[in-house]
Amino acid sequence: MPSPKTKNPGRSGGSQAVGSSSDRFEFASLNKSLLQRQGSDPATARLRASESPTRRRGSSSSTGSASGQGPEEDGIRLNPSFIRVALSSLLAIDLWMSKRLGVCACEDSSWGSVRPLMKLIEISGHGIPWLAGTAYCMYKSDSPAGQEVMLNLFMGLLLDLVLVGIVKALVRRRRPSHNRMDMFATFSVDRYSFPSGHATRAAMCGRFLSAHLVLAAPLRVLVQLWVGTVGLSRVMLGRHNVTDVAFGFWMGYCQYNLIEMLWISPQTLQGLLGYVV
């Protein structure tokens, strides 16, 4: 009598064959349904599955090289980020130095007691006193040479106001956060900081006075000291950052060269007045 543990090999083989065929049928039907959902045929799916990551990376790199985006352009794209980081670092250093040097920004600052003196120096570099004083000297001057010098200085001051106003309106850099808006006779663009109008005016007037007025050596030294003190007072009062004053000095230096190029002689002035009349 056969043991109940022994199985019929024919039945077991038949059952396994039936099970495997049914499994394959279910897997094929499931795969077909998935392909129909994806909207692609089995041949395309097999091609996609046969692609290796290496071939895909190679095809993407070949596509990038075909479109003109090689490793050189990737390296070039890194340069703007480096420049941006460098500019951000310089800006941070500028703000830090400006805040450390703003010792007269308020009365309770470390050098708050000398704030009135710094404000007096600020008024000495303002545009309104310079325009009024130059116009008065031009009116009171008796010699044609003196009137010519004062006229060109007056035109240079007007040119300085226009150029500084244009640059401030374009850049629109705010004044330092520790600044107090208690300046003398401010205008619409004076809420902006770059460049320093006092620095441009001081540099331009300093060069003009040293070149066209007969001054002794001590007076020339005093003029240069006044120029440097005006620029330093802008930072100490918290009106401007260090870069605002530095760029203002350079701009004023260039403005004097422009005045020399556009110099108005008495003959030129008489010709212009005769043409207008």
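Glycine too: its Cβ is placed from the backbone N, Cα and C atoms.
Model, not experiment: these values are computed from the prediction.
Summarising the annotation, TrEMBL assigns compositional bias 'Polar residues' to 30-41.
According to TrEMBL, the compositional bias 'Low complexity' annotation covers 59-68.
Sequence annotations record features per position, and here TrEMBL assigns domain 'Phosphatidic acid phosphatase type 2/haloperoxidase' to 148-260. Mean per-residue pLDDT, taken over the domain 'Phosphatidic acid phosphatase type 2/haloperoxidase' (148-260), amounts to 91.
Taken from TrEMBL, the feature region 'Disordered' applies to 1-75.
The transmembrane segment annotation in TrEMBL covers 149-171. Listed as Cβ neighbours of the transmembrane segment (149-171) (distance under 8 Å, sequence separation of 6 or more from its ends, same chain) are residues 127, 130-131, 134-135, 137-138, 141, 187, 189-190, 192-195, 197, 200-201, 204-205, 208, 212-213, 248, 251-252, 255-256, 258-259, 262-264, 269.
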